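Some features that TrEMBL has for this protein:
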- Asp19, Phe20, Asn21, Arg35, His58, Leu59, Gly60, Arg61, Arg117, Arg150: substrate binding site (BINDING)
- Arg35, Arg117, Arg150: (2R)-3-phosphoglycerate binding site (BINDING)
- Lys201, Gly292, Glu323, Gly353, Gly354, Asp355, Ser356: ATP binding site (BINDING)
Amino acid sequence: MQTVANFNFASKKALVRVDFNVPLNERFEITDDTRIKATIPTIQKILKDGGSVVLMSHLGRPKDGPTEKYSLKHLVTPLSLVFGVKVKFATDCISDEAVELANGLQAGEILLLENLRFYKEEEKGDVDFAQKLAHLGNVWVNDAFGTAHRAHASTAVIGQFFSDKVSGYVMQAELDNAQKILEYSERPFTAIMGGSKISDKILIIERLLDKVDNLIIGGGMTYTFSLAEGGKIGKSICEPDKVELAKQLIEKAKAKGVNLIMPLDNVCADDFNNNANRQTVERGEIPDGWEGLDIGPKSIALFQETIAKSKTILWNGPMGVFEFSNFAIGTNAIADAVVKATEENGAFSLIGGGDSASAVNNAGYGDRVSYVSTGGGALLEYMEGKTLPGVAALEA
Ligand SMILES: Nc1ncnc2c1ncn2[C@@H]1O[C@H](COP(=O)(O)OP(=O)(O)O)[C@@H](O)[C@H]1O
Ligand SMILES: O=C(OP(=O)(O)O)[C@H](O)COP(=O)(O)O
């Protein structure tokens with residue numbers, strides 16, 4: 001595989017797939033720039049060699065084409081500051097304007113393309129769309145580890161249009177670290193799964209049951225499991241078509257002797273906002289019209305006890321809607337417990353995922369865990385032993 005380190009970008013126009021799917025607040029300000037800062041070495045190497053850079057990324061999961069909320073234009077100024085170069089912007093990733101801007105790019109310059117997912121062709125892995133993107137550069141660099149589990153046009157399909165396919169520094173470092181973690185298996189091994197991407201991650205739980213001693217379920221993942229047990233979940237986030245699978249996982253965990261640990265209580269709200277009315281209820285007892293947005297104090301104590309005894313910890317997905325301060329208590333308490341286990345018990349702790357990294361960094365803990373990965377789903381799939389399409393495309 002060609003890598004950024006051993007490739008000379010002099011006079012090259014590098015089309016770089018990055019994962020700038022970063023959290024933004026309601027004023028469109030970036031609340032955690034881990035994924036952006038991580039790409040500095042790759043971008044600087046290309047520019048230092050005498051090349052230019054065309055950056056392409058997705059942001060969020062837009063469903064209806066161009067949307068203000070998901071525009072990458074919000075990243076132009078922050079990127080200019082981070083890279084120390086005035087970043088140009090193409091308001092459509094495959095338009096004539098994008099082609100003109102890319103063609104006019106001089107050595108040392110950076111162009112950012114608008115959100116790739118404003119075209120449904122991106123997620124479909126459309127070959128024509130990939131080819132149009134490919135016209136914007138003469139070497140393809142994939143540094144989007146966080147999206148390497150997606151076989152999308154820009155992450156995988158595009159590879160066929162380049163003879164020079166280069167793995168970025170983020171990609172390399174993440175794969176090396178994930179490999180180390182696979183080899184490091186001091187027990188007890190505890191996985192903590194939360195967040196909101198239930199259908200993406202529930203399948204991974206099945207594989208994790210072969211590796212871990214304890215599996216803690218929290219965050220938005222809770223309610224599909226709670227429903228599987230016959231609990232009441234009000235209007236909490238849930239994927240009803242995964243309830244059957246959740247039932248099977250509960251049984252499988254028992255059969256394999258894995259300690260499946262669910263919240264004992266949940267903090268629920270009568271609306272999805274920080275100032276909504278709150279109450280703490282037992283798991284499975286969320287009243288109609290209310291939704292679970294955090295784990296409660298009994299759950300925190302239970303989870304902390306398990307984490308304190310663990311020697312290997314893998315955490316993906318916040319314990320609640322931590323973006324609202326009133327529902328960030330569980331996530332912060334678990335971050336605190338993971339830091340303590342790392343510092344006091346010598347545990348190896350790995351936190352993965354855009355929002356999980358954001359939660360840990362915003363709590364000031366980024367430097368106090370063993371490793372913070374820019375990938376959530378990608379990391380989990382790699383650890384499962386799957387070939388990531390974004391990596392396979394570099395090797396083809
Ligand atoms: N109980 C909940 N209800 C709704 N959303 C939740 C809940 N708990 C966590 N979340 C949301 O999950 C999101 C992160 O999920 P996910 O993308 O799976 O994690 P990561 O980015 O770390 O891989 C956050 O935006 C958070 O607000
Ligand atoms: O944030 C991401 O993944 P993550 O939430 O698993 O960390 C990546 O940018 C992939 O996004 P996607 O899950 O919408 O394909």
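For all residues, glycine too, the Cβ spot is worked out from N, Cα and C.
TrEMBL: automatically predicted annotations, no manual curation.
This view paints the features noted in TrEMBL onto the structure.
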residue	record	Cβ contacts under 8 Å, 6 or more apart
Asp19	substrate binding site	Arg35, Ser57, His58, Asp143, Ala144, Phe145, Gly146, Thr147, Gly354, Thr374, Gly375
Asn21	substrate binding site	Arg35, Ser57, His58, Leu59, Gly60, Gly146, Thr147, Gly354
Arg117	substrate binding site	His58, Leu59, Gly60, Arg61, Pro62, Tyr70, Glu123
Lys201	ATP binding site	Met193, Gly195, Met221, Asn316, Gly317, Gly376, Gly377, Leu380
Gly292	ATP binding site	Thr222, Tyr223, Ile233, Gly234, Ser236, Asn266, Val267, Cys268, Ile286
Glu323	ATP binding site	Pro23, Asn25, Thr31
Gly353	ATP binding site	Gly195, Asn316, Gly317, Ser373, Gly375, Gly376, Gly377, Leu379
Ser356	ATP binding site	Gly194, Gly195, Trp315, Asn316, Gly317, Pro318, Gly376
Quiz item: Those binding-site residues, Asp19, Asn21, Arg150, Gly292: which ones have a Cβ sitting under 6 Å from ligand 2?
Solution: Asp19, Asn21, Arg150
Practice problem: Check the binding-site residues Asn21, Gly60, Gly353, Gly354, Asp355, Ser356 for any whose Cβ is under 6 angstroms from an atom of ligand 1, and report them in sequence order. | Solution: Gly353, Gly354, Asp355, Ser356
Quiz item: Which whole-number value in Å describes the distance between the Cα atoms of Arg150 ((2R)-3-phosphoglycerate binding site) and Asp355 (ATP binding site)?
Solution: 18
Quiz item: Given the binding-site residues Arg35, Gly60, Arg150, Gly354, Asp355, which one has the fewest other C-beta atoms within 10 angstroms of its C-beta?
Solution: Gly60
Quiz item: What whole-number distance in angstrom separates the two most remote CA atoms of the (2R)-3-phosphoglycerate-binding residues Arg35, Arg117, Arg150?
Solution: 18
Quiz item: For His58 (substrate binding site), what is the tally of other C-beta atoms lying within 10 angstroms of its C-beta?
Solution: 26
Quiz item: Using DSSP, would you call Arg117 (substrate binding site) helix, strand or coil?
Solution: helix
Practice problem: Write out, in the order they occur in the sequence, the residues of the chain not among Asp19, Phe20, Asn21, Arg35, His58, Leu59, Gly60, Arg61, Arg117, Arg150 that have a C-beta within 8 Å of the mean position of the C-beta atoms of the recorded substrate site. | Solution: Ser57, Asn115, Gly146, Thr147
Quiz item: Given the (2R)-3-phosphoglycerate site residues Arg35, Arg117, Arg150, which other residues of that chain have a Cβ within 8 Å of the mean position of their Cβ atoms, reported in sequence order?
Solution: Asp19, Asn21, Ser57, His58, Leu59, Leu116, Ala144, Gly146, Thr147, His152, Thr155
